[in-house]
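Q: Provided herewith is a single structure, encoded as structure tokens, for subsequent inquiry.
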């Protein structure tokens, strides 16, 4: 019996009873207790230390927490819509192909491969296992990405790169499985459609409709104001319509919370607001490192195979093999387009994954959506972009949700659940280096607190991760250091920019400090939840939130470990923070007003933190094109000088990324001091001399871009004014010939003395 239906419940710790949480409870778990209703050995009070054997027996006797399954099963109408979505994407793709509408074909087939590929199998399998709508959608989306990864990885590893043939096989399997679902459930779906209470449905979905309109308005405004990044960031570049749309989304979320409407669309809209707006406004990826990921995708497409000995990206190529297949099968003209828009799907899937995981512990769907939203708003210190960790987090969260079973689960459903867990684990292992280990760390804690079972689950999931690491140990060894082992505080340190000559811009400090403050608030709320209810569940969730910190015992992960740890800890902290809310107060008008104001505040923090540094962080389209010209036309072993930090310049964007190389100013020459007394001509002369001297006998190129100047200015490396002077000197130098000019970027070839 679900605890939400019971008049009383038994405490997991003390064996005492209190009121069932129902709509006011803070979590929704079924307590599977021994006979008599007592939690044997669960008391956390001070007791004499038992023997080693009795301690183990007491631990094994603790009731395993099972979710109550309070979420309603996915209705037939929603299942019909899911099947229709798959057919719609295939139909639109076919029309685009037949009519010569390349963009329509690319968009439709990309949506099919990234969101619809697993819908038909999940429709068939979910007749065995009861799934809520949220769980169904999450499994369908994550399963589609995992299926694309599986297909792409197998083709690139064998190697037999046949993307079109693989696509048609996938379509055939999809249509067969859809037909089976229609035959088995079609009448039930139509019956539910006929019985649908349209008025009640409209009331429930009204907030979602308002949020959808708001999101469309922000998208249209961003598309009509497309520009290169400006110093004022996204908020200074969009028009009034964008702010109207954002306010509509916020109003929809507040309306849904106050009226009990469906929070799904408002929360998802808020979760993707910044990422979607950046993609539409700039038309390029939001992080420079996405460019080198695109280079791996292009390598796979051009060569039809992987070369794991090349670099770590080809040793953990899951996302890139999936993207390569999608690009070729859907007919996308440029992989950079997929890298620009796919993070929107990742953002939505991440919010949904946290919501599904939170639904295992929180009493109502509304509270679970609140946890998902809180996670996404506070995760502004991590940018979701075209990177393995972005989809690796989704796989990990889904696995964690799957290992918490329903109390009424059948044996067949249990088997399917563990098969899905195993498949997602393997896909995650070949996709990202550290996500599987952080997943295992979380599972170890959950098993230790008897929140999940069986006990051997962490070991089973660790085996493929360790096995894959051993296969690629030669590559992995370049990124691990024995000296880093055990150096907790050194590994904990965030990235440090060397060579600073000016104080970083104030906005730089604010962009990092404000979301960090929000993280502190969420952490405090999480601790408060544990203090208010000192039970095994909350202690277990807090310990699970701390488990990613084990990463610091082994590596700094290129000084980015702190960000990955926050990303994996935040879902648990968000769940606990929602638990800290006094449930009896949530319907009070004053409290609701405070929550609405808080929603506006955390949304503002999220958007500002993600977009405030766009001028320095966002890739310029012409910078990417300039690097393409260099990589595609330069002779082997040619070297390109980036006239500032390489962190602001896309590199390795084509299949030839191994044949040429780039070098940044950071490794050649210190940055000049303050603007006063800066001699741009002398700086250019010294920079050129050092560059030619370090790389003799090869072709030399140099890249100048506004993005380099913006990064240097915001991070305190070189003032923007000084860099503009250097740019002008390069343009007038007789030794450098421009071979590419764009609005913000110029690529030069060295033709002066000593040129080959």
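Positions of Cβ are set from backbone N, Cα and C atoms, glycine also.
What TrEMBL says about a protein is an automatic prediction, not a curated fact.
Straight from TrEMBL, here's the annotation block:
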- 1-19: compositional bias 'Polar residues' (COMPBIAS)
- 1-58: region 'Disordered' (REGION)
- 76-100: transmembrane segment (TRANSMEM)
- 106-124: transmembrane segment (TRANSMEM)
- 136-158: transmembrane segment (TRANSMEM)
- 164-184: transmembrane segment (TRANSMEM)
- 205-223: transmembrane segment (TRANSMEM)
- 235-256: transmembrane segment (TRANSMEM)
- 263-282: transmembrane segment (TRANSMEM)
- 437-452: transmembrane segment (TRANSMEM)
- 459-485: transmembrane segment (TRANSMEM)
- 537-555: transmembrane segment (TRANSMEM)
- 561-581: transmembrane segment (TRANSMEM)
- 593-613: transmembrane segment (TRANSMEM)
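Situate these features within the shown structure.
A: Beyond its flanks by at least six residues, the transmembrane segment (76-100) meets 106-109, 111-112, 115-116, 119-120, 123, 133, 136-137, 140, 171, 174, 178, 181-182, 185, 188-193, 196, 330-331 of its own chain at Cβ-Cβ distances under 8 Å.
If you look at the transmembrane segment (106-124), the same-chain residues 6 or more away from its ends with a CB under 8 A from one of its CBs are 79, 82-83, 85-86, 89-93, 96, 131, 136, 139-148, 167, 170, 173-175, 177-178, 180-181, 185, 325-326, 329-333, 337-338, 342, 345.
Beyond its flanks by at least six residues, the transmembrane segment (136-158) meets 74, 78-79, 82, 113-119, 121-122, 126, 166, 170, 300, 304-306, 317-326, 345, 348-349, 352-353, 356, 391, 394-395, 398, 401, 420, 423-424, 427, 430-431 of its own chain at Cβ-Cβ distances under 8 Å.
Outside the transmembrane segment (164-184), and at least 6 residues removed from its termini, the chain residues within Cβ reach (under 8 Å) are 79, 83, 86-87, 90, 109, 113, 116-117, 119-121, 123-124, 127, 147, 151, 155, 325, 328-329.
Tertiary neighbourhood of the transmembrane segment (205-223): same-chain residues 238-242, 244-249, 251-253, 255-256, 259, 261-266, 269, 272-273, 276-277, 280-281, selected by CB-CB distance under 8 Å and a gap of 6+ residues from either end.
Non-local neighbours of the transmembrane segment (263-282) in the same chain are 134, 205, 207-212, 214-215, 218-219, 222-223, 225-229, 234, 237-238, 242, 246, 249-250, 252-253, 256-257, 340-341, 343-344, 347-348, 350-352, 355, 365-366, 369-370, 372-373, 376-377, 384, 603, 606-607, 610-611, 614, 618-619, 621; each lies 6+ residues outside the stretch with a CB under 8 Å from one of its CB atoms.
Within the chain carrying the transmembrane segment (561-581), a Cβ under 8 angstroms from the stretch's Cβ atoms is held by residues 26-27, 354, 357-358, 361-362, 367, 370-372, 374-375, 378-379, 381-382, 389, 393, 396-397, 434-435, 438, 442, 491-494, 519, 522-523, 525-530, 532-533, 538, 541-542, 544-549, 551-552, 555, all 6 or more beyond its ends.
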